[in-house]
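S.K.: Before I ask anything, here is the structure I am working with.
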Amino acid sequence: METSVQVAVRVRPKNSRETMLYENVITCENDSVKIIDSEKFIEKSFHKVFGPESSQEEVYNFIAPLVDSCDKGISSAILAYGQTGSGKTHTMFGQPQVYGIIPRIFSHLFQVISSDYTVLFSMIQVYTEQIYDMLQDSKLVSPLTIRQDPIFGIYIPNLTEYVVQSPEDGLSLILKGETNRVIRSTKLSSTSSRSHMICQITIESTRPNEKGNLSRSKMQLCDLAGSERIEKNQINNETMKEAININKALCTLGSVIYALKRKNMKYVPYRDSKLTYLLKESLEGNTRLYLIATLSPSSIQSSESISTLRFASAAKEISLNAKVNEISVADNKLIQRLQKEIKYLKDCMRVNKNTENLHQKLWELQQENDRLKEGMGDFDMGKILEENNKMKIQLKKIMEMTGNNFDFGEIDRDELDKFCDRFQSAQTNRNSTPLASSDLNSKQIEVRIRSKNNSVERRVTNFHRTFEQQEKDREMIDRISLNQKRLRKIEQIEQFRELRVKEAVEKYEQSKQLEMDVLKKTEAAKEKQFSEMNIKKLREIENARKVMEKAEMEKERALQDLMRIRQRKQDRSPLVSAATQQIFLPKIN
Ligand SMILES: Nc1ncnc2c1ncn2[C@@H]1O[C@H](COP(=O)(O)OP(=O)(O)OP(=O)(O)O)[C@@H](O)[C@H]1O
Ligand SMILES: [Mg+2]
């Protein structure tokens, strides 16, 4: 069914600075938007217009039909386009309490699909014309490449795709990915996105339909980086490079949209930027495409708002013909691709030194931990502190007795010696009761406390290190178990598909055998018919030959009779001339 790109415009509320300094130049009426600013004027209508007071829910309802039909194998895409600071990220992601489109999609999606579907999620950002995995590469160190596959279309090798089993899984992945997005504070927004972000949700059926095919649809959810005026005094190289790349990609997107709008254009410059190449399948017409153009209401951005409206209006004229994506379970290429994927996952597991090793390591660490804990029994911090306190109290008593002030925190060896000497003499002078042997030598007490403290500290540090190591290993194991889950799922699908292929091959062979049997029978029947006909013909020939022989014999006999008659005639009239004989006698051949 032919449709056009569905376009909505969303005007955000003014922020406090704009309220103080700038006029409002935008008016929304039903589904049309008007910008009037001194000599500038534009009015355009769209499928939907959301004013500054519109809620996230209302905006979500506009794109909700895409999710309603996501299990039918029809791919879709949502693009948020607009000037920097106009509200794209707010619309696509939002914040807790006011979540935007992407988090809402997950809760809606799991109400629509049954357990016969697998949901995969990946998140990428295009930063300065390089593609990065947002769920893996927080430091932007491993740029990825784009490839094209006859079955799976455009894809990114080595991009991690996570299996999402609940809305919560989806939300936690989105939040994780968002923390890796390149953002910067600009004049218009303190958290301006400096990369184009694409979230991809793939919905695959695991149960073939009546035609034996599996449906597969992809949702591309794109929060673009906002265009920005590059100013002469923008001397920071990095921000300048970012802005140039953002504007270049948006410019290519504009060229693609205008080329598609003109319909008869032979060349559409998809490959001129990574962004448009990644969005190629969504833009070229086989998907359902929604565009949300965001606007700032204030006069300071009226020129940019006008160009956004022109872009959105051009997009509205692009016609689409969304197709159902189905893959035959018996498709060799699909099986090859899945086998490749399984091999890749298995390799990953091997790189991670395989799970068994990790389990072994974790077990060893746990054992070590237990041993340390047992050892800690002797050096129980509580006990030591208690002992420390007791000693301090005893020392204090001694100090009171000797009348000396002594700071226990930093014990100076000389000071302590002096103190002990004084204490000894005081003891002798006062002739008081001697203290218990354990209390006698303060140096020994201090050394003992210190050595115990040090030993405990060492053990506590070791314990922490071991604990941290265990945490890391546990994270690794979590990742591996996630990989295993995915692998299991893929293996299940593969087994299922193999089974179907086997069945299909068996059926094919059976029908071939049947055909051969029929052919053989037909040939045998034909041969029989042929030989019967031949026998009949031979018989006919034989009969004809017999008839001819008979005729020949009769002819021979007739000739002989004739000869005899001639002979008799000649005998009776010898005057008949040879010439006369020639005339009257019939010619015998
Ligand atoms: N509809 C809205 N309601 C309330 N606040 C909004 C709305 N739209 C945007 N904002 C606020 O405006 C600010 C800028 O919005 P946002 O970051 O979404 O802009 P952006 O278009 O993504 O900009 P950039 O292209 O620079 O990334 C944010 O603080 C955001 O919370
Ligand atoms: Mg943004």
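Cβ atoms are placed via backbone N, Cα and C, with glycine included.
According to TrEMBL, the protein has these features:
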DOMAIN    4-318  domain 'Kinesin motor'
BINDING   GLY82, GLN83, THR84, GLY85, SER86, GLY87, LYS88, THR89  ATP binding site
COILED    534-568  coiled coil
S.K.: Can you tell me which of GLN83, GLY85, SER86, LYS88, our binding-site residues, come within under 6 Å of ligand 2 at the Cβ?
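M.R.: Cβ < 6 Å from ligand 2, in sequence order: LYS88.
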S.K.: Might you list, by sequence position, any residue in that chain lying six or more from GLY85 (ATP binding site) with a Cβ less than 8 Å away from its Cβ?
M.R.: THR186, LEU188, SER189, SER192, GLY226, SER296, GLN301
S.K.: Looking only at Cβ atoms, how many others are within 10 Å of the one on THR84 (ATP binding site)?
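M.R.: THR84 (ATP binding site) is surrounded by 23 other Cβ atoms within 10 Å.
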S.K.: Within the domain 'Kinesin motor' (4-318) only, compute the mean pLDDT.
M.R.: 90
S.K.: Name, in the order they occur in the sequence, the residues of the same chain whose CB lies under 8 A from the CB of GLN83 (ATP binding site) and which sit 6 or more residues away.
M.R.: LEU188, GLY226, SER227, GLU228, THR294, LEU295, SER296, GLN301, GLU304, SER305, THR308
S.K.: Sort GLY82 (ATP binding site) into helix, strand or coil using the DSSP assignment.
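M.R.: DSSP assigns GLY82 (ATP binding site) to strand.
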S.K.: In sequence order, which residues at least six apart in the same chain have a CB under 8 Å from the CB of LYS88 (ATP binding site)?
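M.R.: Sequence-distant Cβ neighbours: ALA80, TYR81, GLY82, SER193, ASP223, LEU224, GLY226, ILE292, THR294.
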S.K.: By the DSSP assignment reduced to helix, strand and coil, which category contains THR89 (ATP binding site)?
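M.R.: In the DSSP reduction, THR89 (ATP binding site) maps to helix.
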S.K.: Inside 8 A of the center formed by the CB atoms of GLY82, GLN83, THR84, GLY85, SER86, GLY87, LYS88, THR89, which other residues of the chain have their CB, for the recorded ATP site?
M.R.: ARG12, ALA80, HIS90, SER189, GLY226, THR294, SER296
